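Here is what Swiss-Prot records for this protein:
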type	residues	note
BINDING	G13, G14, G15, H16, A17, G18, V125, S180, Q370	FAD binding site
BINDING	273-287	NAD(+) binding site
Amino acid sequence: MFYTEAFDVIVVGGGHAGTEAALAAARMGANTLLLTHNIETIGQMSCNPAIGGIGKGHLVKEIDALGGAMALAIDKGGIQFRTLNSSKGPAVRATRAQADRTLYKNAIRDIVENQENLTLFQQSVDDLIVENDRVCGVVTQMGLKFKAKSVVLTVGTFLGGTIHIGLENYRGGRAGDPPSIALADRLRALPFRVDRLKTGTPARLDARSLDFSVMQPQPGDSPTPVFSFMGDRAMHPTQIPCYITHTNEKTHDIIRGGLDRSPMFTGVIEGIGPRYCPSIEDKITRFADKTSHQIFVEPEGLNSIEVYPNGISTSLPFDVQMNLVRSIKGFENAHIVRPGYAIEYDFFDPRDLKQTLETKFIQGLFFAGQINGTTGYEEAGAQGLVAGANAALQVQQKDPFILRRDQAYMGVLIDDLATMGTKEPYRMFTSRAEYRLLLREDNADSRLTAMGREIGLVDDARWAKYNDKMEAVETELQRLRGQWIHPDHAATPQLNTMLKNPVSREHSLEELIRRPEMTYSQLMKIESVGPGIDDPIAAEQVEIQIKYAGYIARQMDEIAKTQRHENTLLPIDMDFSKISGLSNEVVAKLTEARPETIGKASRISGITPAAISLLLVYLKKHGMLRKQDKISA
């Protein structure tokens, strides 16, 4: 039977991608249905209890700048906040927060349940309704049919999921949850390229059985960083430390002795695991010369007895897990509450997606999250928001929402996936972005909030706060440019104590802040110069814009040069082997990827600037230089 109400957008899955997708579509006015196999697990952290990190924190800030939920939820559920790379430049500084799993999940659920235009329904989805290569709805496990104009699949590791502990395995989407077999079979019958990936998680330990006195405490930052542009420190619950310990040679010997029963090393698992979050058995094999590996002992919540030993993800048999855990300093009497495991699951080649995350073969069908080969809550949430927004825009018959690589890490993420695909779980790093000086955490709102407002993602309260901040920053910049200090100024004696070279001529306050030894906060302490602006976030923005103005201008020039050829078209039937000077490797990669434009060709791994120059020379020589008006969706 058909459900009585038809929807604009249906989102399948209530994880990090699904919640952001459903919330985005609903904020934009689309009548949205979120279908999940269990409402109680909406927003659940399946693996590590943390949000953010290098590259990942940037994605969370961007999700937040577009009105998403993740940053606000972690501000309400974060029990330890740190700024990583704090001693480095602003481009690579990143916020990371340890989460109380329950508080975080409750915060997400509260946001979801209070979102207008969003309906929840608990049922697994077994089938898609497809007519004339267009999705028209879904069919649930009990045969109930829901009609929709767009469908977003955010099914995580549930598609054909198989859980491995040693040589034992069973079907599962994650520990305690059933897999999605019927939907996996349905998708495999469609013309998508499909493969298998693997991820894993460590055993959870009972904190009462650990000796924290022999471990190194790792406190959070003080004052605590705030994740959301709408957040504040008053939201944060009680803050507690994490701890650090290490594996040792005995640990490694135990692991080596169990490799003959490892599903990874005996070929039982065929899927490729995450390169940047390897299992402990992978680490001791790949880095055989290392005598120890660091373990971050992370509490799972303020009222939880469980801790997450970050760094010893494993799918070894339980007896080996027990022995390796108890060989670690502080874990000698550890009780394992939940065994570690690996999970193998289906993912679909993201090169079969448009930049909107709509599939190329089925109109109105969008994929987001681990189904596209990514790993991590943050990568999933970013894709979910973009997919949900584009699903709503398609229903509303409006232009798609596509972010360029120079506009957002979201743009880098989706362009990497859609252009190059992935053979292993894809994780975001700042190093993946060519223009990371422009794509900082601190300016995510100035890059994206106005764009979000234009398409309906950003509400009135966020828009008002954003405009207040931007006005404060601009007003202060104008003041600093217009206020001058000369050698006889009343502030000069105090100022000279802060400077390497004393004031010998007239300087604007802006020029003084540009000096390496001077900061905005220091300068504002001088009575006749300060007090400046109270908001530390706006003050940081003022200082960064002044100190990095030259570097930012140069990067903007680079972008302008690149964009001159970004949309230069490559003929669909182009024979790359005829281009003199291209290596066989480059020819093979271009032939396989068939990039539509010079811009897309330049982002294929292994395609050098020299190869791009040869392509442009060839196009010009043969009168083939043409540009497309708009990047294809």
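Yeah, the Cβs are placed from backbone N, Cα and C, and that goes for glycine too.
Predicted, not measured: the structure shown is a model, and the values here were computed from it.
Feature map: annotations from Swiss-Prot on the structure.
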residue: G13; record: FAD binding site; DSSP class: coil
residue: V125; record: FAD binding site; DSSP class: strand
residue: G273; record: NAD(+) binding site; DSSP class: coil
residue: E281; record: NAD(+) binding site; DSSP class: helix
residue: F287; record: NAD(+) binding site; DSSP class: coil
Sparsest-packed among the binding-site residues, when each Cβ's other Cβ atoms within 10 Å are tallied, from S279, Q370: S279
Cβ atoms near K283 (NAD(+) binding site) (within 10 Å, other residues, all chains): 18
Surrounding CB atoms that lie within 10 Å of the CB of V125 (FAD binding site), all protein chains: 25
Candidate with the highest Cβ count within 10 Å, taken from the binding-site residues G13, G273: G13
Residue pair T285 (NAD(+) binding site), V125 (FAD binding site) - Cα distance, angstrom, rounded: 40
C277 (NAD(+) binding site) CB neighbourhood, other CB atoms within 10 A: 19
Surrounding CB atoms that lie within 10 Å of the CB of G15 (FAD binding site), all protein chains: 29
Neighbours of R275 (NAD(+) binding site) among the binding-site residues G13, G15, A17, V125 (Cα to Cα, within 10 Å): none
Greatest inter-residue Cα distance in Å for the FAD-binding set G13, G14, G15, H16, A17, G18, V125, S180, Q370: 18
Cβ contacts of A17 (FAD binding site) (under 8 Å, same chain, 6 or more positions away): T154, G156, A368, G369, Q370, A380, G381, Q383, G384, A387
Distant-in-sequence Cβ neighbours of F287 (NAD(+) binding site), under 8 Å, six or more positions away: H293
Cβ atoms near E281 (NAD(+) binding site) (within 10 Å, other residues, all chains): 26
Cα-Cα distance linking G13 (FAD binding site) and E281 (NAD(+) binding site), given in Å to the nearest integer: 31
Cα proximity to K283 (NAD(+) binding site), best match among binding-site residues G13, G15, V125: G15
Between G15 (FAD binding site) and S279 (NAD(+) binding site): CA-CA distance (Å): 23
Nearest of the binding-site residues (G13, G15, V125) to C277 (NAD(+) binding site), judged by Cα-Cα distance: G15
Site of maximum Cβ density within 10 Å, from binding-site residues R275, T285: T285
